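In what follows, a single structure is set out as structure tokens and then discussed.
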Amino acid sequence: MTAILDPEGVRALDARLERAGLLDLAMEDAGRAVADEAGRRAPAGPVLLLAGGGANGGDAFVVARHLLTLGRDVRVLALPSTHPLTRLNRRRWHAVGGHTRPLTPAALARQAGGAALVVDGLLGTGFRPPLRPALAGVVAALNAARSRGAPVLAIDLPSGLDATQATVPEANGAESSVQADVTVTFAGLKAALLFGDAAARSGEVVLAPLRVPPAWVADVQVAEQPGDLDLAPLLPQRTAAAHKGMAGRVWVVGGHPGTTGAPALAGLGALRAGAGLVTLHSAAEVPLVTPELMAQRHPDLAAFLRDTPAARRPDAVAMGMGLGPDAAALALEVLGWAVPTVLDADALQPELAGRGHAACLWTPHPGEAARLLGTSAAGITRDPLAAARALQDRLGGVVVLKGGPSVVARAGELSVSRGGHPGMASAGMGDTLSGVLAALLGQGLGAWDAARLGVRLHARAGERAAVRFGYGLGATDVAHELGGAWADLRGT
Ligand SMILES: NC(=O)C1=CN([C@@H]2O[C@H](COP(=O)(O)OP(=O)(O)OC[C@H]3O[C@@H](n4cnc5c(N)ncnc54)[C@H](O)[C@@H]3O)[C@@H](O)[C@H]2O)[C@@H](O)CC1
């Protein structure tokens, strides 16, 4: 399980390390991890380090000392050191024979010329935008050096990114953040390294654990990111005596004249994720994408749902895909059943606020999330963790805020998915996911586990299908890879 930390969590961890007399060692761990990565990235040639005044700059002085003692040609350009540990590690750097020159854009441009690697230790989690103009010139000079061929390794976070935000801060036309080739981050990931344009600024992300008890990190994390080893135990198990009635009866309630493909894709997703029996209930004629799916057309879908006795209700429902204008009323009816239910697409309506029960999963994409919260899609994607938390507060149950990556929220807890492929940004992908989630609910998983496992299975299936289809990936291609994704997770 990987932790996701925000600056508040980092400060709390720092305070705990400080009380334990371990903060100096944590900086040493951090600097050593960066020096190892720098050595791997640039096995020969000069390394240029840029040190800011805070602890991020302190890390840079530790890196410089380790590289120097390995016999490397190391140059350091630094701002005045303000953090006590930065001053300490600057003295240690000088004690081993290192030199420090003042950091200016011109000095940076000169020194970066022949550098095999430039290490950005200007600003980390302590940075608050907007970037002061004095540093904007340094950031611009660093990005210019990179475009002339000097690779950039960022310590903890590329300078100029707000750790909590998926967007790159605005800077009145000036360069506001560093573009890194690799970022070595400590103790846990930061939201900026995971989401949006900010993540694209981070390059490859390497997580370096600090030698502290894992509980100290878990105590301050804002979210978790499960690995496949964490999720594999959630996969439903079957004995040889299993029969279809034990594998979950799933209903897909969706489709409307003109939008009939969506429920079919959800049904396919449910089948491929192991549902025993999948029936599509629709007001329209739904295309039969595979004969294993059963389809029932109801001229009056509301009456059909209202008149379904408790004994005939399914183990799980996925609803909303192409369901049309009456979706909110139909969703209210099904929510009243209190059976495990996935609400997607047209069933994601603001009037359902507070109606979510414990076995209920809402699966908005950013546009739908904006509709539910009365904000803009840009407001959602800027801070997906905060948006997922707000959606869960508003709706109840469990929320999957879809994206690359997706965020799963339940009361007081957030989980971020891994993997996937940009080719999954295509129509129908969310419909398949709804079916996968309903299948897992139908096989007995709780909403939180179904959501975390389901988004990973779906993402893994996308990775597999992308090998053949790349950006031309379709939702049915992903559905057909779900079995392989399942086997991959089981094999971890
Ligand atoms: N617990 C942890 O996770 C550890 C964190 N460490 C390092 O500590 C860093 C955090 O250190 P700090 O809290 O000292 O903060 P930073 O060093 O990230 O930033 C503080 C510095 O940024 C400057 N600054 C802030 N806002 C600015 C703005 N708008 N424009 C220009 N300059 C600005 C401040 O003047 C100060 O010099 C992490 O990013 C990481 O590199 C490591 O030392 C190891 C332990």
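Note: Cβ is positioned from N, Cα and C throughout, glycine not excepted.
The (6S)-NADPHX binding site annotation in TrEMBL covers 55-59, 124-130, Asp156, Ala262, Gly322, His365, Asp431. Annotation comment: TrEMBL describes Asn56, Asp120, Ser159 as K(+) binding site. Here TrEMBL flags Lys402, Gly403, Gly404, Pro405, Ser406, Gly430 as AMP binding site. Feature annotation from TrEMBL assigns domain 'YjeF N-terminal' to 10-218. Taken from TrEMBL, the feature domain 'YjeF C-terminal' applies to 227-489.
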Annotated binding-site residues Ser159, Lys402, Pro405, Ser406, filtered by Cβ under 6 Å to ligand 1: none
Where Asp120 (K(+) binding site) sits in the secondary structure, as DSSP reduces it to three classes: strand
Per DSSP, three-state class assigned to Lys402 (AMP binding site): coil
Listed binding-site residues among Gly58, Thr125, Arg128, Asp156, His365 whose Cα sits within 10 Å of Lys402 (AMP binding site): His365
Additional residues around K(+), ordered along the sequence, whose Cβ is within 8 Å of the centroid of Asn56, Asp120, Ser159: Leu50, Gly52, Gly57, Ala60, Gly121, Leu122, Leu123, Gly124, Ala154, Ile155, Asp156, Leu157, Pro158, Val178
Rounded Cα-Cα span from His365 ((6S)-NADPHX binding site) to Ser406 (AMP binding site), Å: 9
Between His365 ((6S)-NADPHX binding site) and Gly403 (AMP binding site): CA-CA distance (Å): 7
Whole-number Å value of the largest CA-CA distance among Lys402, Gly403, Gly404, Pro405, Ser406, Gly430, listed as AMP-binding: 13
Asp120 (K(+) binding site) and Ala55 ((6S)-NADPHX binding site), distance between Cα atoms, whole Å: 12
Binding-site residues near Ser159 (K(+) binding site) (Cα-Cα within 10 Å), from Gly58, Thr125, His365, Gly404, Pro405, Gly430: Thr125
Pairwise CA distance, Gly404 (AMP binding site) versus Asp156 ((6S)-NADPHX binding site), rounded so that it is a whole Å: 21
DSSP-derived class (H/G/I helix, E/B strand, else coil) of Gly58 ((6S)-NADPHX binding site): helix
Asp120 (K(+) binding site) versus Asp156 ((6S)-NADPHX binding site) - Cα distance in angstrom: 9
For Asp120 (K(+) binding site), the one of Arg128, Pro405, Gly430 that lies nearest, given that the binding-site residues are compared by Cα: Arg128
